[in-house]
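According to TrEMBL:
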| type | residues | note |
| --- | --- | --- |
| DOMAIN | 94-151 | domain 'Potassium channel' |
| DOMAIN | 182-260 | domain 'Potassium channel' |
| CARBOHYD | ASN92 | N-linked glycosylation site |
| TRANSMEM | 21-41 | transmembrane segment |
| TRANSMEM | 132-150 | transmembrane segment |
| TRANSMEM | 170-192 | transmembrane segment |
| TRANSMEM | 204-221 | transmembrane segment |
| TRANSMEM | 233-256 | transmembrane segment |
Amino acid sequence: QQQHSSMPLFTIHNQRISWTPLLVVGYLFYLLLGAMVFQLLEKQAESHFRDQFQLEKLKFLQNYTCLDRQALEQFVQVLLEAWEKGVNPEGNSTNPSNWDFSNSFFFAGTVVTTIGYGNLSPSTVAGQTFCVFYALFGVPLNLAFLNQLGKGLNCHLMTLERWVQKPGRAQVQSTFLITGTLLFLVFPPLVFSYVEGWSYGEGFYFTFITLSTIGFGDYVVGTNPNKHYIPVYRSLTAIWIVFGLAWLALVFNVGADMMEKFLQLKWHKPDLSLAEGATIKLEDEPEQPRIHIPG
């Protein structure tokens, strides 16, 4: 009697082979490939910016001879500390607070969704302690909420499928994908480009990095001190993020399913060229739970 395994297996000449190690190797290779490409694209630009910054500091010291290098380095350190505390060095003391209700609401959303831009964080011990417990309960609550939201979207997909009376779901899924792409990836960069003054490419980059919960923090809405934002701007952005997370989570889930099916097809497909008597059998695999929400 055969025992079912939790790992996808196939047998060739009665030898059980798992494609899981191949998946691990492919995953590591993908990381190595990304590291090499990022190094190739970014290292030279970083070196250029570093040299340019040092040149600007030398020019500053030449123009203001009353300062020495040590004083300038201390001032640069003050600027860095201010930036780390969420204070934009540009502008003056009349800049709006990072912790008004609208900005605090936006920050709370980045905590529970695990986006974590990194441009703003609690600086008090009480704030840091509260943030830990807030995330401890908020992250599971956010996952449950997004899962429920995703189920609702799936139900609407099934209703739409029955309404259009199509034999398969391919066309309905394509409609869902195209509509979601327009609503969450194509149109929002136009708004951010207009409000923030970014290029469309920068807005699209911010949109995807945010909805995928990567959240580098190099682009964040509502942080330019030279612009006047409506009070609910960041709150509306937080609501857009929630629905965008649910949609992109479904897209990632479909992509993961397609990847697994491709691997099963690739490594488990019967080979008709084998000699007679050789057997290839894909074992039944118990359905495994899937986390639908990234982050």
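A Cβ is built for glycine as well, from the same backbone N, Cα and C atoms used for every other residue.
Segment contact is absent for the transmembrane segment (132-150) and the transmembrane segment (204-221), given fewer than three CB pairs below 8 angstroms at sequence separation of 6 or more. Below 8 angstroms of C-beta separation, residues 153, 157, 160-161, 164, 198, 200, 202-204, 206-208, 211, 221, 240, 243-244, 247-248, 251, 254 of the same chain, each at least six residues beyond the ends of the transmembrane segment (170-192), sit close to that stretch. Look at the domain 'Potassium channel' (182-260): DSSP puts its residues at 55 helix, 0 strand, 24 coil. Listed by sequence, the residues of this chain that lie at least six past the ends of the transmembrane segment (204-221) yet keep a Cβ under 8 A from its Cβ atoms are 110, 113-119, 184-185, 188-189, 192, 195-196, 198, 233-234, 237, 241, 244-245, 247-248, 252, 294-295.
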